[in-house]
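> So TrEMBL lists the following for this protein:
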type	residues	note
DISULFID	86-414	disulfide bond
DISULFID	280-294	disulfide bond
């Protein structure tokens, strides 16, 4: 079943939460430990109200509120926990692109909803919300289709300046910068903006350093036939998402929005309501304004819509199916191959050939990689029918992969150590905050211990084999 028709062969009608929940739980990867270390990422909301619930459409400032007043601040406790005798050898950063415009599909749906309100505007005198939104200028055009916004360029330039300030030895003049990106325009532009942010003082071979396109690493999901057929293009894989759209929490939000807009509830659906909510998020992220679309929602509504977004991320990019994260092992292994090379060069007293490796991808690049590493895993899977129980969940996509999200591996060489295996150490930062390692609950690890902890993935995850479509004729959910 590996031919062009494979994706179509596994399509199924969406089922209710009860009919898909039991199998979905079995599909979870039992090999990963359920526990998650306390991380340094739970922060107060940058502003009261809705902005903390925009999921993957969140501003980077939501996870680092201090940047609102000072975009170049390194934040509280910027210093690391390694001794002064440790020198950084290599930095490997995987970035999500900066703030972007909506996709063409989202813009079309917004246009459809706005046009509906315009048609009703004549009789909307008794409906102030509908009247206000009918007057709102629909300025989004389909040609913007997910492109990088001016704020997205600023996101990247400022991130580059903060990174250089945090690791001045690595970003010193005449150090080589290897810059790679997915083929998407917003990622290429983000890479160029990151380079600009480093300024002319750093000699990286001229101002216009070449950005290498590397979709095999930054869009590994496109190259994984099993993921594409059984998850990306398979309605049954989104069973929990579809069930939540029809569930009591979304129904309540739908009725409230329909009432506010003086529309019959049957004229709205979860997708249209989500577009209205995301328009609120885009206006804040792109223009830094509170859109009239925000007035349709309360904080409780926002929590429900955030959960809808997180459900989709969980089942499509996170822990819902093992292939989601396993497909990222090609990137994970590449990271460690470069770290290995730097260690070998250091041991041979050679200059480090790749001291700075910066790669720009997507939320869909980072989320599976973090799941592969075991981060933000809840004891209970996210399901359509456990919204209330997941109020304190760890898996909140807006806290993990907002615009300009970044995962950074830093390899150090340490002098004056007690044992040879302590000579090379690693730190991990997510969105510029130290992340505790699973195996130690510490924010630094010997490179030896880290490799040992992830030994199974480094040695036994083979992208080609993992991503082959199963030959036997089984249903998608059974296979997953």
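Cβ coordinates come from backbone N, Cα and C, glycine included.
Automatic prediction, not curation, is the source of TrEMBL annotations.
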> How many neighbouring Cβ atoms, not counting its own, are there within 10 Å of the Cβ of residue 280 (disulfide bond)?
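Excluding its own Cβ, the number within 10 Å is 24.
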> Using CB atoms and a 10 A radius, I'd like the single residue among the disulfide-bonded residues 86, 294, 414 with the highest neighbour count.
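Max Cβ neighbours within 10 Å, all protein chains included: 86.
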> Between residue 294 (disulfide bond) and residue 414 (disulfide bond), find the distance joining the two CA atoms and give it rounded to the nearest Å.
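Cα-Cα, rounded: 51 Å.
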